[in-house]
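Notes follow the structure.
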């Protein structure tokens, strides 16, 4: 396997033309074997199909049932939209590159891929934290929250995109840059560059686009759990059921967030601030795949924990025009059981 470097553009790709001429699967010091590229392609193919299917179903259910068109559900819709955009405008290129063992669409395509994946990924991450904060407000300040205020919801959605652009445009302006990542079949921010500007950018990206959203999620869902436990002193049985549901939701959401994104963030920091060669291209593959896997798991975790959406989804599968709302489910609320919980 031969690695080509274009010095002026800092672009690299992998020539795998000789890989098909032998039954052996040699691995270069800086790349993957043919078998390794195939394994990555299989993973990316699954993520591509499952990510598009899950998020497309989510968008179709939202489009079909008007009762889901609530302000807080717009944030869920924004998460699904950003995830499906990753699957459409990003994953197919890395999937094809892994099949061929080399990057296929040149330097400009590499920069586009790095920018698009970063943009849509940060939108999804920030939206998850905004969603947790809005749930916190709905539960603990239900008397002060206007559940029909679409203006605030649209501001939140627009804010996630502006915030993401704020952090993904600088590499085009000289604050770090986009380029090949790992074995040369994906592109991202150039973690390995050791210039002060690149190192400061990576550190800021880690703090403001990964750690801060995580802290906001932990704070918001933690306060919700505390609220449920306080109410439990009044209505023990009902509160215990709510607490179990919320605890499962919190553990699932925070765990999936950390599982999908924290390895990638830590890998980026190690590549930037560790010794040269500490993170090999092969070692960077798994964190990259885990980050992309978030597009598959997000619709399951963040949407199907919503009782209202789940019932609409069942009605959609059954080709029914009306979801079976029960007395415990108010179609005008995002979280019908929790919205009744208020700390006096």
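Cβ atoms are placed via backbone N, Cα and C, with glycine included.
The compositional bias 'Low complexity' annotation in TrEMBL covers 13-25.
Residues annotated as domain 'G-protein coupled receptors family 1 profile' in TrEMBL: 54-302.
For 13-33, the entry in TrEMBL reads region 'Disordered'.
Feature annotation from TrEMBL assigns transmembrane segment to 39-62 (among others). Tertiary proximity for the transmembrane segment (39-62) is limited to same-chain residues at least six positions away from its ends with a CB under 8 Å from its CB atoms, namely 32, 68-69, 73, 76-77, 80-81, 83-84, 86-88, 91-92, 94-95, 98-99, 183, 185, 285, 289, 292-293, 295-296, 298-300, 303, 309, 312-313, 316.
Sequence annotations record features per position, and here TrEMBL assigns transmembrane segment to 74-95 (among others).
Taken from TrEMBL, the feature transmembrane segment applies to 115-133 (among others).
TrEMBL lists 153-173 (among others) with the feature transmembrane segment.
Annotation source TrEMBL lists transmembrane segment at 200-226 (among others).
Sequence-remote contacts of a segment are chain residues at least 6 beyond its ends whose Cβ falls under 8 Å from one of its Cβ atoms, and for the transmembrane segment (246-264) they are 125, 128, 132, 210, 214, 217-218, 221-222, 224-225, 228, 286-288, 290-291, 293-294, 297-298, 301-302, 305, 338. As annotated by TrEMBL, transmembrane segment applies to 246-264 (among others).
Positions annotated as transmembrane segment by TrEMBL: 284-305 (among others).
Highlighted: of the candidate stretches 74-95, 153-173, 200-226, 74-95 has the greatest count of Cβ pairs under 8 Å to the transmembrane segment (115-133).
Confidence for the domain 'G-protein coupled receptors family 1 profile' (54-302), expressed as mean pLDDT, is 88. Long-range neighbours of the transmembrane segment (284-305) within the same chain, counting only residues 6 or more positions beyond its ends whose Cβ lies under 8 Å from a Cβ of the stretch, are 32, 36, 40, 43-44, 46-47, 50-51, 54-55, 57-58, 76, 79-80, 83-84, 86-87, 90-91, 94, 121, 124, 128, 131, 181-183, 186, 188, 249, 252-253, 256-257, 259-261, 263-264, 266-267, 271, 313.
For the transmembrane segment (153-173), the list of distant contacts is 71-72, 74-75, 78, 111, 114-115, 118-120, 122-123, 126-127, 130, 134, 189, 201, 204-205, 208-209: same-chain residues at least six beyond its ends, Cβ to Cβ under 8 Å.
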